[in-house]
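The structure appears below as structure tokens.
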């Protein structure tokens, strides 16, 4: 691996909005490891309410960056393919005699050479949404990326039961998966590989590909020994606890010269326009802030500073899409949104249905999960004096 570490930083929200690569998650589940004990291969063994492979599959199924799922099975396990389920497109292929051969079988099934592939051990069921997002961002930025943790313990060499020396730990990392590449590049690297390889990073580097390190996760360990099942089950039970969050958002914009206002993504004719650094969509801003609030992650001003000229006149749906994607990356599903617009004029009623449809589309929600309504302030305050429009929003998030 190269020694550049791409910690937890993200690509910019504008880049995130524009870049929507096709991402295939390849889950390697063709092994026959015996160290974990039991009669079944470890990926098929129960882990709480699900099997190991089901937990792993669900993690990538929830990841917003992932487009499809490709599972590599042992030839004798192909009859179990029908027991695997996912919301996203799911395919299963038969693996080979070694891990590398199994990965090569999966890569042969990915048609787009520019697609990003995330190659992951099915026996790492506690992989997080944040880690998946970091690897995808690393591939977008550098072409290849993999998670790892720096070695922090002292390292010895030994013979039998005696210490024979010390090993410097500077520059040493514990490798994890998913390891991300462009499909065509890593497929060519596998085709050129000779001999055994510890993982796909070794194969990539042998082909001359630089690989960036992204920050790994201590919980993303590989089930290897019998005691690992209890540890993984405890972590997944804790993660699976019901976590419901509510966020509130409030925004206001004053009137200025113009002939229309934009509210909840819909242009409404009016004798004035709302003033703001972006398109001044007060409704969408309130909803976006409500999502950030539920995540405990600041507000629009922190993610899209008004001092940054790139957001001058920007469409507010960029901000909302960013907040929705951020919630999904952190493992949350938005289950409901309620937005109230406060103004004397323009009248919102004729545009209510199209506003609701627009917000449903942008947030990936059903119509009955979205409410957009309007009220007046009975001629009181700045909205009553028709100096501007205010909006309040409440959003509910559930960890999935």
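Keep in mind that glycine also has a Cβ here, set from the backbone N, Cα and C atoms.
If you check Swiss-Prot, you get these features:
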type: BINDING; residues: 251, 253, 285; note: divalent metal cation binding site
type: BINDING; residues: 251, 252, 253, 277, 278, 299, 300, 301, 375, 376, 377, 378, 382, 385; note: 4-CDP-2-C-methyl-D-erythritol 2-phosphate binding site
type: REGION; residues: 1-244; note: region '2-C-methyl-D-erythritol 4-phosphate cytidylyltransferase'
type: REGION; residues: 245-400; note: region '2-C-methyl-D-erythritol 2,4-cyclodiphosphate synthase'
type: SITE; residues: 35; note: site 'Transition state stabilizer'
type: SITE; residues: 42; note: site 'Transition state stabilizer'
type: SITE; residues: 169; note: site 'Positions MEP for the nucleophilic attack'
type: SITE; residues: 222; note: site 'Positions MEP for the nucleophilic attack'
type: SITE; residues: 277; note: site 'Transition state stabilizer'
type: SITE; residues: 376; note: site 'Transition state stabilizer'
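Overlay of Swiss-Prot feature records on the structure.
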residue : record                                                 : Cβ within 10 Å
42      : site 'Transition state stabilizer'                     : 27
169     : site 'Positions MEP for the nucleophilic attack'       : 13
251     : divalent metal cation binding site                     : 24
253     : divalent metal cation binding site                     : 22
277     : site 'Transition state stabilizer'                     : 18
278     : 4-CDP-2-C-methyl-D-erythritol 2-phosphate binding site : 20
375     : 4-CDP-2-C-methyl-D-erythritol 2-phosphate binding site : 12
376     : site 'Transition state stabilizer'                     : 14
377     : 4-CDP-2-C-methyl-D-erythritol 2-phosphate binding site : 14
382     : 4-CDP-2-C-methyl-D-erythritol 2-phosphate binding site : 15
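Neighbouring residues of the recorded divalent metal cation site, listed in sequence order and excluding 251, 253, 285, comprise 252, 274, 276, 280, 281, 282, 283, 284, 286, 390, 391 (Cβ within 8 Å of the Cβ centroid). Residue 377 (4-CDP-2-C-methyl-D-erythritol 2-phosphate binding site) falls within neither a helix nor a strand when secondary structure is assigned with DSSP, and so counts as coil. Within the same chain, residues at least 6 positions away in sequence whose Cβ sits under 8 Å from that of residue 222 (site 'Positions MEP for the nucleophilic attack') are 121, 123, 124, 176, 228.
The Cβ of residue 285 (divalent metal cation binding site) has 27 neighbouring Cβ atoms from other residues within 10 Å, across all protein chains displayed. Per Cα geometry, 300 is the residue among the recorded positions 277, 300, 376, 377, 382 nearest to residue 285 (divalent metal cation binding site).
Neighbour list (residue 300 (4-CDP-2-C-methyl-D-erythritol 2-phosphate binding site), Cβ cut-off 8 Å, at least 6 residues apart, same chain): 285, 288, 289, 292, 319.
Looking only at Cα atoms, residue 169 (site 'Positions MEP for the nucleophilic attack') sits nearest to 251 among the binding-site residues 251, 253, 375, 377, 382. Nearest to residue 382 (4-CDP-2-C-methyl-D-erythritol 2-phosphate binding site) in space, judged by Cα atoms and limited to the recorded positions 251, 253, 277, is 253.
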